[in-house]
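Structure first, then comments.
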Amino acid sequence: MFILLTLLDLISLGVSLNPPIIFNATYQVKYNREITNDREHVFVFNKYEARQTARVLLISNNATTNDPLMVVAKQHKEILSWQLPLIISSDSGKIEFNNSTKTLCPDNITHYHNFYDLLYEYQDGPIISVSTASTIKFNYTLQVDLTNIFVEVDVEYDIIVSPSKPLYYFYNFPKNVTDADWDSQTVLLKINSKDDVCMLVSIQNASCPIYDQLHDIKFEGYWETVDKQGGITISKRNFPNGFFVVFVAQSDDSDCVGFTKTQTKDRNKNVTFVIKPSISYRDYLKAVGITIGCIVISYFVLIITFCCWSRKDTKPREMNYVDENDSYVVSTPNSVQAPELRDDVSMDETEYDTITEVDYNRELILTKPVLYLSDLARKDPRVLKKKSYFYLWHVLTVALFYGLPVVQLVITYQKVLNDTGDQDLCYYNFLCAHPLGFLSDFNHLFSNIGYVTFGLLFLFLVYKRERLHKDDIFEKHFGIPQHYGLYYAIGAALVMEGVLSGSYHICPNHSNFQFDSSFMYVIAVLCIVKLYQTRHPDINATAYSTFSVLAVAILLGMIGVLEANLMFWILFTVLHLSLCLIMTAQIYYFGYWKLDKGVFLRVWQVYRHDFWASPRTVLRPLHKGRMVLLVLGNLSNWGLAVAGIYNHERDFATYLLAVFMCNTMLYFIFYIVMKLLHKERIKLQPLMYLVLSIICAISAIYFFYNKSISWALTPAQSRWFNQECKLLQFYDYHDIWHFLSAIGMFFSFMMLLTLDDDLSHSLRTKIAVF
């Protein structure tokens, strides 16, 4: 029955049933033949050494899509068929190729570990049959070459591929390798090309058939798009019998550039590739061990240093002292006359957030040339302390409900990548991505340990400081209100930044970058709130309003990632600059300026009565130093806005993060300059933290801009930035950025914690507000 159906098929195709013409063919020889539908041509090749494989080249300029040239290559265990012209679909239309190259899959290649094992082995030669249904004679050229497809470590190979001429090579891991020689168990494939032609590279298991056509290459193993540079780390755990590396140029460049452009028919691509051993098992443990060891040493040094300094700074509280510039004498903290503190402190924030509770004249505060902390620290300190803990509860709540879905999602991303083999799904630095278990890129996950460990260290030091300074009566009249809940919130946010940044780096891409930046927004805003609270304890922003602003910021970040067109950038810029003006008024007027229905009426009244009476009095700032710094801050934000509009086609999420971080830095500078202008001093401990944080920040920025990926581009274009490991053969520049930014933020927080230690024994009636 099968034979009958075959005969009917041949008759329907117009193929002659005459006996075929058989040629005893020789390798490396071109055969130019004419063919019609009356006879099939069969080329029989002799046995060849198993360390080589057969590669078939076929050319026919006369074959058409209506009367194609049909080719069948038969081996001992495999049959491969194709036709000329070869038709390949693309986004810009179909492309016909009148030549093709096919590499025949070697039958027993998985039994050997290198081509030296095959020196005395032979395998049967292929049988190539050529036929057509055309009644008109046309020419074709056939050539079968023997080629070595075995790849050796650290040897560069130069090849040329096209959509109709795919090539593949084979690598097998050495036998009898111990765990200590893990460099033989994991290898790095590095690919380079000077041509812009888009290409697919596939890593396939050591079995036949090999999927080397554009329509089926994604069916097996791992694959990625490459134009100028690419790479992938391959583990023996996933390919125990070795693997094939398949190269095929695509019919157009849309997958590499992100859009369809006019294509030329010349799609040849020159490629250079090399397989290098990855780091050894010992190097892996060495990098992790050194990292953990450095963190442990840092813990020891920082805790000892902080405890010694804290003991020195708090010692005067145990003895009598006299303020040098005042006759006010304090023998002990208990000698301060303070109102009796009630035990029934409410946790309802609405009971102490309204400014009407403050028992002093609002107009007097606004017109005083110098305002002191005692004017803005009238509330029960226990109330403000409990209020500050609302920030911590908000951070923990957001961390739980935001963090758990993030972790679940990125793990799903990783599983999808492992199941489909789609390396374009995640934007790794493929030249420095060390796998561990089911994770493709462990080192970029592990390098976030700095955020977690230094966040925990900061929490411990805050707790230690709170225990040492637990003196409610003393702190009601002396020094800056601490409000430790905000410090705990900042430390918890740093820990969560490590968790979410690590989650993002499990599978970094355009869609989940917000996971990496969300808690950076939180940290920036909390630092600004803490700095403002330092001199304005009674009128600070509530936790509810603070996290409402953060929610809007994250919403804007999401919209910017999805739809960052020019109109959105303009609207965001208007909102950004408007908020800058509002915050300027809030800071200049100590929080008493309000944006409400009566703002225009108040402006009109000032213009009508005060301005015409004395224009210079109205226009002349009451607080000149503060005005100058605020103007400079606004100019900086205008500069950011102009840069954002000019580069609006780039990623919005990074720009939004830059806005938050720059404004946090500006407020730090504002605070330090105002502190110095008021003749306050910066003690050695915060000065040391300041210098160290600046050094870390400058270094971190350098490594941040030497990026190794860019998800704002296509996956193939992102690989242009891929670079080999720079530190301990394990970390790249972005890993170093993780460490330096974590250390820099820790030192910044420590500076924030200790910045006003010079005022710890100063009366609040002498501490200026700015």
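The backbone N, Cα and C atoms fix where each Cβ goes, glycine too.
No curator has checked TrEMBL annotations; they are predicted automatically.
Note that the structure is a prediction, hence the values are computed from the model and not measured.
What TrEMBL says about this protein:
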SIGNAL    1-16  signal peptide
TRANSMEM  284-309  transmembrane segment
TRANSMEM  389-411  transmembrane segment
TRANSMEM  445-463  transmembrane segment
TRANSMEM  484-506  transmembrane segment
TRANSMEM  544-562  transmembrane segment
TRANSMEM  568-592  transmembrane segment
TRANSMEM  627-646  transmembrane segment
TRANSMEM  652-674  transmembrane segment
TRANSMEM  686-705  transmembrane segment
TRANSMEM  736-755  transmembrane segment
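Only pairs six or more apart in sequence are counted, and the transmembrane segment (389-411) with the transmembrane segment (627-646) gives fewer than three Cβ pairs under 8 Å, not enough to call it a contact. Long-range Cβ contacts of the transmembrane segment (736-755) within its own chain (Cβ-Cβ under 8 Å, at least 6 residues beyond either end) map to 298, 306, 309, 444, 447-448, 450-451, 453-455, 457-458, 461-462, 465, 487, 490-491, 494, 498, 501, 523, 527, 530-531, 668, 671-672, 675, 682-683, 685-686, 689-690, 692-693, 696-697, 699-700, 703-704, 726-727. Long-range contacts of the transmembrane segment (445-463) within the same chain, counting only residues at least 6 positions beyond its ends with a Cβ under 8 Å from a Cβ of the stretch, are 288, 291-292, 295, 298-299, 302-303, 306, 439, 484, 487-488, 490-499, 501-502, 505-506, 731, 734-736, 738-739, 741-743, 745-746, 749-750, 753. Same-chain neighbours of the transmembrane segment (284-309): 182, 434, 443, 446-447, 449-450, 453-454, 457, 460-461, 464, 685, 728-731, 743, 750, 754, counting only residues six or more beyond its ends whose CB sits under 8 Å from a CB of the stretch.
Long-range Cβ contacts of the transmembrane segment (652-674) within its own chain (Cβ-Cβ under 8 Å, at least 6 residues beyond either end) map to 513-514, 517, 520-521, 524-525, 527-528, 531-532, 534, 553, 556-557, 560-561, 564, 568-569, 572, 576, 625-626, 629-630, 633, 636-637, 640, 644, 682, 690, 748, 755, 770. Beyond the transmembrane segment (484-506), the same-chain residues lying 6 or more positions past its ends with a Cβ under 8 Å from any Cβ of the stretch are 385-392, 394-396, 399, 402-403, 406-407, 410-411, 413-414, 426, 439, 441, 444-446, 448-456, 458-459, 462, 465-466, 512-513, 515-516, 518-520, 522-523, 526-527, 529-530, 533, 738, 742, 745-746, 749, 752-753.
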